Amino acid sequence: MAKKIVALVGDGIGPEIMEAGLEVLEALAEKTGFDYEIDRRPFGGADIDAAGPPLPDETLKASREADAILLVAIGSPQYDGVAVRPEQGLMALRKELNLYANIRPVKIFDSLKYLSPLKPERISGVDFVVVRELTGEIYFGDHILEERKARDINDYSYEEVERIIRKAFEIARNRRKIVTSIDKQNVLATSKLWRKVAEEVAQDFPDVTLEHQLVDSAAMLMITNPAKFDVIVTENLFGDILSDESSVLSGTLGVMPSASHSENGPSLYEPIHGSAPDIAGQGIANPISMILSVVMMLRDSFGRYEDTERIKRAVETSLAAGILTRDIGGQASTKEMMEAIIARL
């Protein structure tokens, strides 16, 4: 039976790089027999422009029934400061699908080391994953703004913490088997719970080493010794900040994918960068982050490990051959980058 993939086409450069990702998927399917169907839907500003809500009911229904979801950048300056914004649709989708675990791999391509703001010897061997709890804590607590006082409620249950930490340990089992749990347990009650749960979950994974870091120390280590990390797991707010910090290590957002997983429903895969409206429609956007998001989908949702390695090798050899888009120091167009990768499948 064909796998159903919903493609949520966003704003700015979104349509261009989504098509590049889907063309690579199509080329792979022709070689391997992967059976799938694509349900393309506008998302983000396009929905709002059509006088609709940021997350239409039919889009939510299709997403719930899908085997996997591909999403590309949303947002535009025209929605800044207005009541209805594209980002509200994404937040609602995460909540409705219970996408509790955000997975962001950080790996430096050898051929792109020169882009990093850190010295080559400092980023050598960097290959870690940030696992961020995505649906709880202060972002989803009550937000109370008064005339001269404000409160944001930080709230976590045992179950919310347990499932995200368990996810991190499961990922670590297939890597270097080190989990670094990041908290602020010397100050915050939620972090005291976080550390307690981490210690308890670790008992179920005797083959995996658990380490603890306070968030301020972790932020420093991510710059001074990033190769130390294997799997980082942390709460929503800390994860938001640290995952963005980690993205700087590569020197470009154009090659970084991410995934958001639920417990039982479909997962969502997307590049980490924005919609880049300043270059939209010019055919120069880097499609690699979208293509690598497709890679994560093939691996995590469909278990097609050989296919994922095939695309990753094609990306790496294309970069090593000097085929680079403008954001990473070359002159290749979106189409030329995509075609180079397809040719190397």
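Here the Cβ of each residue, glycine as well, is placed from N, Cα and C on the backbone.
The model shown is predicted, which means the values in this text are computed figures rather than measured ones.
Per Swiss-Prot, the feature substrate binding site maps to Arg94, Arg104, Arg132, Asp216. What Swiss-Prot lists as site 'Important for catalysis' is Tyr139, Lys184. Here Swiss-Prot flags Asp216, Asp240, Asp244 as Mg(2+) binding site. As annotated by Swiss-Prot, NAD(+) binding site applies to Gly274, Ser275, Ala276, Pro277, Asp278, Ile279, Ala280, Gly281, Gln282, Gly283, Ile284, Ala285, Asn286, with the evidence given as sequence analysis.
Projection of Swiss-Prot feature records onto the structure.
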residue : record                         : Cβ contacts under 8 Å, 6 or more apart
Arg104  : substrate binding site         : Val129, Val130, Arg132, Ser243, Ser246, Ser247, Met256, Ser258, Ile272
Tyr139  : site 'Important for catalysis' : Asn236, Leu237, Asp240
Asp216  : substrate binding site         : Lys184
Asp244  : Mg(2+) binding site            : none
Gly274  : NAD(+) binding site            : Gly12, Ala73, Gly75, Leu253
Asp278  : NAD(+) binding site            : none
Ala280  : NAD(+) binding site            : Asp11, Gly12, Ile13, Glu16
Gln282  : NAD(+) binding site            : none
Ile284  : NAD(+) binding site            : Thr325, Arg326, Ser333, Thr334
*For the binding-site residues listed here (Asp240, Ala276, Asn286), which one has the lowest count of neighbouring CB atoms within 10 Å of its own CB?*
Asp240
*What three-state class does DSSP give Asp244 (Mg(2+) binding site)?*
helix
*For the recorded positions Arg94, Arg132, Lys184, which Cβ has the most other Cβ atoms within 10 Å, all shown protein chains included?*
Arg132
*Asn286 (NAD(+) binding site) to Arg94 (substrate binding site): how many Å between their Cα atoms?*
26
*To the nearest whole angstrom, what is the C-alpha distance linking Arg94 (substrate binding site) and Ala276 (NAD(+) binding site)?*
22
